[in-house]
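Colleague: Dropping the structure in here first, questions after.
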Amino acid sequence: MEKLVIEGGKPLSGNVRIHGAKNAALPILAACTMAEGVHRIGNVPDLLDIHVMLDILRALGCKAELKDDVVSLETSSAQSSHIPEELMRQMRSSIFLMGPLLSRFGHVQVYQPGGCAIGERKIDLHLKGLQALGAKIEESGNTIKCSVDRLRGTDITLDFPSVGATENIMMAAALAEGVTTISNAAREPEIQDLQNFLNAMGAKMIGAGTDTITIEGVERLTPRAYRVIPDRIVTGTLMVAAAATRGSVTLENVCPAHLTSVIHVLKRAGVQIVASDDIIHVSNSSRPRAVERIVTSPHPSFPTDLQAQLMVLLALADGISVVKETVFEGRFKHVDELSRMGADVRVDLNSAFIRGVPRLYGATVEATDLRAGAALVIAGLAAAGTTIVEQIHHIDRGYDQIEIMFSRLGAKIERFSPVRHLKVP
Ligand code: EPZ
């Protein structure tokens with residue numbers, strides 16, 4: 001398996017352009033199946049998860065191509081609504097294809113996506129939402145069959161503001177008969193991007209970004225060209241890396257308004273941040289301050305997807321910080337790996353107590369999931385000595401050539417493939 005080799009201790013500096021948001025592009029690509037014809041979706045990052053989604057769309061009969069950062073997608077030829085189990089296993093979030101395929105074909109077959117390193121990842125809220133819209137759901141083993149004559153609008157209240165469930169219900173309701181309201185909806189920027197795309201195709205939807213979304217069903221949707229928002233989690237990852245290496249970095253093609261809580265926490269840690277339009281400048285010249293308490297929570301609170309990365313900065317801070325993870329029950333897998341690099345972190349249930357140390361030291365560590373892997377790269381960049389990060393396929397799911405991104409900012413980081421025993425160009 002490929003690995004990253006990092007010579008730490010070099011402050012990051014320079015400019016880098018942030019790629020499009022994986023978690024906006026995925027539901028938007030799924031929504032394309034609701035309108036027959038050719039879609040052109042821009043600012044789509046070249047990531048493993050995107051390629052899995054394109055493979056799923058091809059398996060359904062679509063023609064799909066990613067060239068530069070534009071996906072051309074012909075959906076008229078789609079004739080199946082059976083998502084292959086192998087592909088579902090590769091990317092659990094393909095579950096939000098249920099809504100679009102159900103509204104297009106009246107039936108869909110998927111498989112229980114199962115848990116992953118960060119938690120159980122249940123889908124009960126997705127299924128309850130589709131059932132409320134009139135779908136019949138049959139589960140046998142890990143197969144889920146869903147069918148309906150015509151989806152009918154209704155009022156739905158989510159027990160938890162699930163991002164995926166909100167997206168699935170929005171897409172299913174777009175072509176339903178009548179009006180649907182989603183209460184306690186997720187408020188993430190990716191939800192707003194999905195609403196904007198669906199409305200561009202002719203849907204009638206308002207409220208995304210608030211906790212109540214109202215959807216008036218329409219008869220049909222029309223294919224569109226669209227450009228996906230920047231990736232706020234990749235942006236936040238680079239902000240933390242700049243701060244942890246005591247560097248000075250300018251991030252381009254970003255949306256500061258999507259990162260208000262992250263900017264607030266980093267400023268509390270003593271990091272200098274200047275944000276305007278589509279630029280964020282991050283610099284830090286001294287040891288970070290501890291932040292006494294951070295709680296991850298649905299947007300607009302501090303995002304769970306940046307918890308592991310922030311922990312690296314706090315592991316180097318002057319003092320004790322406490323991070324409480326309230327979204328996923330298993331999202332502290334990076335703690336053991338950081339401890340091997342000299343971090344002093346104690347986990348008790350869903351809280352991590354981080355006593356800052358003056359320095360981290362290079363070690364061989366293993367990425368357990370996407371964002372934990374990104375955190376280990378940041379730790380390697382900040383540490384003294386050499387760090388080897390293994391199982392980096394996890395990282396490639398959400399970061400387009402992470403080593404290139406950091407090399408452009410002055411980092412000494414290389415990708416090695418054991419097959420060729422050579423540096424990957
Ligand atoms: C999306 O996952 C993101 N993925 C995740 O990003 C992100 O961490 C998460 O939202 C929270 O912001 C994509 O958008 C592709 P949820 P999703 O449904 O939709 C529970 C990354 O690193 N839940 O909001 O799966 C669930 O178990 C990834 O890019 C139910 O109980 O997240 C979890 O504890 C990781 N029943 C919590 O809600 C359900 O039916 C949040 O899940 C659905 C969810």
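In case you wondered, yes, glycine gets a Cβ from its N, Cα and C as well.
TrEMBL lists C116 with the feature active site, proton donor. The feature phosphoenolpyruvate binding site is assigned by TrEMBL to K22, N23. According to TrEMBL, the feature UDP-N-acetyl-alpha-D-glucosamine binding site maps to R92, D305, V327. Per TrEMBL, the feature domain 'Enolpyruvate transferase' maps to 7-403. Residues or ranges marked as 2-(S-cysteinyl)pyruvic acid O-phosphothioketal by TrEMBL: C116.
I'd like these features described in context: how deep, what's nearby, how far apart.
Modeller: Counting only residues at least six positions away in the same chain, the Cβ atoms of R92, D369 sit under 8 Å from the Cβ of C116 (active site, proton donor).
Counting every protein chain shown, the number of other Cβ atoms lying within 10 Å of the Cβ of K22 (phosphoenolpyruvate binding site) is 25.
In the three-state DSSP scheme, R92 (UDP-N-acetyl-alpha-D-glucosamine binding site) falls into the helix class. Of all Cβ atoms in the shown protein chains, 17 besides its own fall within 10 Å of the Cβ of R92 (UDP-N-acetyl-alpha-D-glucosamine binding site).
Mean model confidence for the domain 'Enolpyruvate transferase' (7-403) is a pLDDT of 96.
Secondary structure at C116 (active site, proton donor), taken from DSSP and collapsed to helix, strand or coil, is strand.
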Colleague: Within the set R92, C116, D305, which recorded positions show a CB-to-ligand 1 distance under 6 A?
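Modeller: Near the molecule: D305.
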Colleague: In three-state terms from DSSP, label V327 (UDP-N-acetyl-alpha-D-glucosamine binding site) for me.
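Modeller: SS state of V327 (UDP-N-acetyl-alpha-D-glucosamine binding site) = coil.
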Colleague: What's the CA-CA gap between D305 (UDP-N-acetyl-alpha-D-glucosamine binding site) and N23 (phosphoenolpyruvate binding site) in angstrom, rounded?
Modeller: 11
Colleague: In Å, rounded, how far does the Cα of V327 (UDP-N-acetyl-alpha-D-glucosamine binding site) sit from the Cα of N23 (phosphoenolpyruvate binding site)?
Modeller: 16
Colleague: So which other residues, same chain and not among R92, D305, V327, have a Cβ within 8 Å of the centroid of the Cβ atoms at the UDP-N-acetyl-alpha-D-glucosamine site?
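Modeller: For the UDP-N-acetyl-alpha-D-glucosamine site the neighbour list reads I118, G119, R121, V163, T304, F328, R331.
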